[in-house]
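Down below is the structure, laid out as structure tokens.
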């Protein structure tokens, strides 16, 4: 596809985060794409899961106590009504992609939208604003999500056009995508963060809603098809799910076999408020991860990779 066609390709993003230092080498701009095939119980970005633009409601900012009903007046779907407690009620079965006039009309920004339709050119024009930092640090653009390959045409066009502009490219993926969508995009990628939650398929299905078979197959495909591509496998350590030496040792052995770096990410509770904004319940509740558990699991990883070396 030509550069002109790639630039006009559109997709839905929910954030563009500048000056990130944890999403690949150097200083990076992370582009978050909406849509994810997994429903991880610990997801800290619930607004990333659905591919469509969504309406969020922060009751703490609402001005209904001052008799403001601008959102009710402009809603074209009759999805918003005033509730008895002087807040508003949103019928999300009726609330669809209607232009989100309610969010535009809300004077206090109690109503906001998660998701913006952008062209590749619009995204990369933002990314290029920090080109001087990339040049000095070895950074660039990272596609994250959600799952970038849930919007395969947009992801491919972004990566291909970024490379045309000499921007270093990275992807953060859960690995659950068709290989036919991943392979052409990976031709334009220099670095991959690859998530593996568990090698126990039954456990994986229970916690994420999908099998891990495709995820493991795609990791092996990447190593065989793109042996020079830098891959770092990461596992979020989740209390009550995979926080055992048995779980982590299994993944550590796989990564040692495939000769890829392996990192553990401690569970955190960031993002729980966003569930409330979307009228959803945060699935994990109040659980916390014991620091001593993380220390022990990191020792397991070090031992397995030391044995491999």
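From the backbone N, Cα and C atoms, a Cβ is placed for every residue, glycine too.
Annotated [4Fe-4S] cluster 1 binding site per Swiss-Prot: 36, 40, 43, in sequence order. Under the DSSP three-state reduction, residue 36 ([4Fe-4S] cluster 1 binding site) is assigned to coil, being neither helix nor strand. Take the CB of residue 36 ([4Fe-4S] cluster 1 binding site) and look out to 10 A: across all protein chains shown you find 23 other CB atoms.
Counting only same-chain residues at least 6 apart in sequence, those with a Cβ under 8 Å from the Cβ of residue 43 ([4Fe-4S] cluster 1 binding site) are 36, 49, 271. What Swiss-Prot lists as S-adenosyl-L-methionine binding site is 42, 43, 44, 146, 195, 196, 197, 268, and the listing cites similarity to another entry.
Counting every protein chain shown, 19 other Cβ atoms lie within 10 Å of the Cβ of residue 62 ([4Fe-4S] cluster 2 binding site). In this structure, residue 62 ([4Fe-4S] cluster 2 binding site) belongs to neither helix nor strand by DSSP; it is coil. Sequence annotations record features per position, and here Swiss-Prot assigns [4Fe-4S] cluster 2 binding site to 62, 68, 71, 106.
Under the heading [4Fe-4S] cluster 3 binding site, Swiss-Prot lists 75, 95, 98, 102. Counting Cβ atoms from all protein chains shown, residue 102 ([4Fe-4S] cluster 3 binding site) has 26 others lying within 10 Å of its own Cβ.
Marked as domain 'Radical SAM core' by Swiss-Prot: 22-309.
The feature domain '4Fe-4S ferredoxin-type 1' is assigned by Swiss-Prot to 53-85, with sequence analysis given as support. Residue counts for the domain '4Fe-4S ferredoxin-type 1' (53-85) by DSSP state, with H, G and I taken as helix and E and B as strand, are 11 helix, 7 strand, 15 coil.
Swiss-Prot lists 86-117 with the feature domain '4Fe-4S ferredoxin-type 2'. Using a Cβ-Cβ cut-off under 8 Å and counting only residues 6 or more beyond its ends in the same chain, the domain '4Fe-4S ferredoxin-type 2' (86-117) has close neighbours at 10-14, 34, 47, 52-65, 68-80, 278-279.
Note on the binding-site residues 106, 268: the fewest other CB atoms within 10 A surround the CB of 268. The two recorded residues, residue 71 ([4Fe-4S] cluster 2 binding site) and residue 197 (S-adenosyl-L-methionine binding site), have Cα atoms 41 Å apart. DSSP states for the domain '4Fe-4S ferredoxin-type 2' (86-117), grouped as helix (H, G, I), strand (E, B) and coil, give 5 helix, 9 strand, 18 coil.
Counted over every protein chain shown, other Cβ atoms within 10 Å are most numerous around 71 among the binding-site residues 71, 196.
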